[in-house]
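To start, the structure itself, in structure tokens.
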Amino acid sequence: MRDQEFWHSKWASNQIGFHLEDVNPLLPAYWHHANPKREDKVLVPLCGKSEDLVWLATKHDSVEGVELSQIAVRSFFAEHFYTPTVTPISGMHELYQFDELSIYTGDFFTAPVSQADIVYDRAALVALPQDMREEYVARLKQLLNPGGRILLVTLNYPQEEMAGPPFSVPLEEIQQLFAGYKVTCLNVDQADEHHPKIAKKGLSRFSEEVYLIEAQ
């Protein structure tokens, strides 16, 4: 995956403003729209050390994450006092396993993850520059079982007003990337003038948006 050194340096220097200390409230609020069943296999790309993994593991028997940074994965298990089984895979990846959770370290595009029934993407698509998104979405489609669903959280703002990441990925681009899939907007949270992205970054508008994407 390109820009690997960028993300390795972010984790190494603890510059992880993108990390949320708690479960993203949009996950429990909108997860039911994906019609989840306990036996559904869930994939979380570019998962970091997200608390969302813990929440998902209480709802599903199999949750797989993929994360480039070994620092992030080790921190996740240490902070939750989990002792995972660690298995090296082909010199390129490691698999960390604990109960319902499995996390692969290494490049998402080559990680040997299982086929998934539901993908949860809160911070993956928006972390990638535009020239990588088509390849990323192609990989998601490859990993999604027939009838699979994606719960996508994305951002929408004038890209020329702020350099990403996180990048702006508006509805029009989502529809292009997922042509042939059913795309449903579940929520648009439009920021007011007090939001840090507007008050401090000077953006003219900023919204966090939730989409359900379904294979047809």
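Using N, Cα and C of the backbone, Cβ positions are placed for all residues, glycine too.
A coil conformation is recorded for L46 (S-adenosyl-L-methionine binding site) in the three-state DSSP classification, outside any helix or strand. Here Swiss-Prot flags W11, L46, E67, R122 as S-adenosyl-L-methionine binding site, drawing on sequence analysis.
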Does DSSP give E67 (S-adenosyl-L-methionine binding site) helix, strand or coil?
strand
Given a separation of at least six residues and a C-beta threshold under 8 Å, show me what packs close to E67 (S-adenosyl-L-methionine binding site) in the same chain.
L46, C47, G48, K49, V73, I103, Y104, T105
